[in-house]
């Protein structure tokens, strides 16, 4: 048996014996069973009750229920066996086969590959317990100890590739696996309206208690002064204090309709209905994958209408994760044709030769999915043009791709990045087919002839080199170096004789980059055998050096990678999902900020940012934070403003000692530096972050800052780890929030969640996270709204999400149409519901002053029961389910309609108070106008018309008509259903009123139907109907006047758009999908997206798997602070010596140039 000791953060030492379950079970390690369900049969009731009582109103309803029912108030034994994942235990040895998921965190013991080349698809994440790139342990075998590190561990969630089988020892199982430690916990999500409702309900409770106290005191006073006069009619409680006490609780029951339980029932019905609208939306159905949109929760719909920040994954979310080889430049000649041009020519029915893709039938190993439209390139291959052959030979040799061939001719490439796979696939189709590799050789098939090259060295990629080279010996014995990388890097190492070709190639690169393609330059060099032998020896010595190994190797690489000959350039398209650019543009118009959180390399993320126009060259600056220490990150984020002031004082003092005149110059410089802050002229500096040593604490909410111009921020995961520390997180947040676009690259799943939590903590904003893979689960759970995309990375994100669909482009309809409508409808519902119920209840309050505070109701008992159940239930539900200010087309045409939801303008504390005041006014009108109308009056037959039952019926009629008129004013979109509900409810009121006040029902239950004949005798009087009309007009008149004046003086965006829609007879135009052409001087480099370390693994014979990327500061431009690298036009670099941006020089810059933080001295 083998003993394994693994040192882990949560345990002092973990001891595991292979295949010894009895021994391993004694430590009670976690099993491999994972439960992601929210409840189980035992926890459902307590947890669900806990969540329900987070709504304070539910506790109130329970209290009322108790009050009203009170009578006083009314693999084992060395053989393989099949086993379920959940039954796998720590210490088990399990066998995995190709394309299977890794079931737990495993120590790789052996594999089917004789050279142990195993390709693993994985994600690099943070240190223990929730970082996936660190592992420490020892293996004891035959009394010998062997060290274990992260390179020998397979993590749960990975997929085994290019290997028939492997055996692994289970180290961590179930919830102890590193993947599960990175998954956030499921929390009960509540909307902003729910949280606001809790506050409002507390206010209503206070108002209810105040009203009941007033009425109880009034009862006590009345009992003392007038109660004795009514003993014959009303039993009198001798103890007035006790009478007031009983009156208080009686009015608690009578006035409880201020927060009826039907409010929350109706809210859930509305949310359910709006959820079905999302499920039924055919425009959000993806036919290719047969995937409809799905609302996986019914409690968060209106939250979709208030999103301010969107956190998006990149791969599989914004992109299809598919790269295509579109164009190339070979020896000064450009090949390839734009796909959009091809489509235009096809629509114009131009010549077949210009429209049809290249026929690769001459190549039996060609990939049938590969399309290329320039026939001249394949002709060059067939004519055996040397430059063309050299171009594709380089692509077939210079890479780290692995080939898998299950049967003859069926090649599958496993590439660490999709762009590298696209280049190798292009070479494959043009006749240079990569077949296989070993640590010492690379085998390719050149125009049908198989050739094996001896692989002598791989000069691997890293963020500083930005290029990759291989040194090979061909079958004839000729030594060659093949190199590919960023144009700015390769051009510096070319032979002077390439100057003319370089100029032409540069023009081609500008054209390619202008179309948003990712470019790469190719070069080669023939090597002398004697020189290479001597260089190889020095390379070996440097590679085993204990000190300055990387620096020595870098010098050797620089030495051999010079005087190369330019072959050409490639242009690869990183395909975005359909409609991504248009969706992001629409969301930006809606004032929604997009943050991209991706585990991909920095340049890959930047390229996607430019491709989908999140980053634009029109931006004033794109800042890159890629520092390696907290101090450097702090410097980049301009946190130490008080230190700036200290430096100012110190410098002032020093120069004062040297030259008094310098004092003036230094002061002028300091204030000129502060003058740069004019880019944030509207910033109120005092209310933002002041250093903790002065303030003593941090603000609860970070306010938005105004900024002149547009800025972008790119930060890598290493710097982000420092930026998220407690003493720096606020400065990072403030800096990021004034940028138009934020891209966080090389981030771990936990960091994604931390960024979301940071924004939730300090910004008064609603967040949404969207992703498609298991590494997005934590941020999906952390955000207010989680959206999962069912893509190529499985269903983990979908299963953890609140809403799901198949394409990112559906997000704009989810937010701008369904989200906005849901929020608008819910806000209208709440405003109207509070209005009608407050009005209904306040009438009771006024009536108490006329009934001796006896807790008598002003309405008939039947009306009280049916008011919220029948008379007003359906009209408000109809409005809440069918109302819309403008249709879906106009909602997408004017994304600015979304902004009021972000600002909570439709329902807030202010809107609630306005509603309460309107209800207070309406209740006064509804009580005193009927009271005055029937006071001391007689009917047509001469009988007295002033009685309690007649007054109650008139008040009921006035109230019902008024709330229906008010609802009609609130409705923006009348449908057949709305007409049926509104007029049907009014008709039902009169039908039921006449029915309940008949002789027959009175005879059945006299106590319940005491208003016999009241409707028949009262509603036939003309003055009653005049009273109803007058009351309704007076109640809605303030609303009509206010809305008219506000629409004329200060119209809202909704009113402006609705007015424009009314002026136009045509429906809203359908959104057009246009191909955005970006003419740019910025050239992306495929080499940037290449991961460091694969070359060593290819030639070492060790396990080949994705390792954690070692962060590097990269090349730092002159005059920049460490870790700061401008991109886009701010870089100002031109490989041909021309200035790319004459208006913007490369000068020392930091994020302080657009930050406005006031020093304490001033």
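Quick reminder: no glycine exception, Cβ is built from N, Cα and C everywhere.
Predicted automatically and left uncurated, TrEMBL annotations should be read as such.
Source: prediction; values computed, not measured.
As stated in TrEMBL, the feature transmembrane segment covers range 1023-1045 out of the listed 609-631, 678-700, 885-907, 1023-1045. Looking at 127-150, 151-174, 175-198, 199-222, the range tied to transmembrane segment in TrEMBL is 199-222.
Looking up the ranges 805-826, 981-1002, 1047-1068, 1069-1090 in TrEMBL, the one annotated as transmembrane segment turns out to be 981-1002.
For the ranges 572-596, 647-671, 1097-1121, the feature annotated in TrEMBL as transmembrane segment maps to 647-671. Just going by CB pairs under 8 A, the stretch in 199-222, 242-265, 832-850, 862-882, 950-969 that sits most against the transmembrane segment (981-1002) is 862-882.
In this chain, the transmembrane segment (832-850) touches the transmembrane segment (199-222); three or more CB pairs sit within less than 8 A of each other, excluding pairs fewer than 6 residues apart.
Highest Cβ contact count with the transmembrane segment (950-969) among the listed stretches 242-265, 920-938, 1023-1045 falls to 1023-1045 (criterion: pairs under 8 Å). Averaged over the domain 'P-type ATPase C-terminal' (798-1052), the predicted model has a pLDDT of 90.
If you take the Cα of residue 315 (ATP binding site) and the Cα of residue 776 (Mg(2+) binding site), they are about 11 angstrom apart, rounded to a whole number. Between the transmembrane segment (862-882) and the transmembrane segment (1023-1045), fewer than three CB pairs separated by 6 or more residues in sequence fall under 8 Å, so the two stretches do not touch.
Distance between Cα atoms for residue 518 (ATP binding site) and residue 772 (Mg(2+) binding site): 24 Å, as a whole number.
With a 10 A radius on its CB, residue 313 (ATP binding site) counts 29 other CB atoms from all the protein chains. Each of the binding-site residues 315, 775 was scored by the number of other CB atoms within 10 Å of its CB, and the largest score is that of 775. Here the Cα atom of residue 776 (Mg(2+) binding site) is found 7 Å from that of residue 313 (ATP binding site). Residue environment of residue 772 (Mg(2+) binding site) contains 29 other Cβ atoms, counted within 10 Å of its Cβ in all protein chains.
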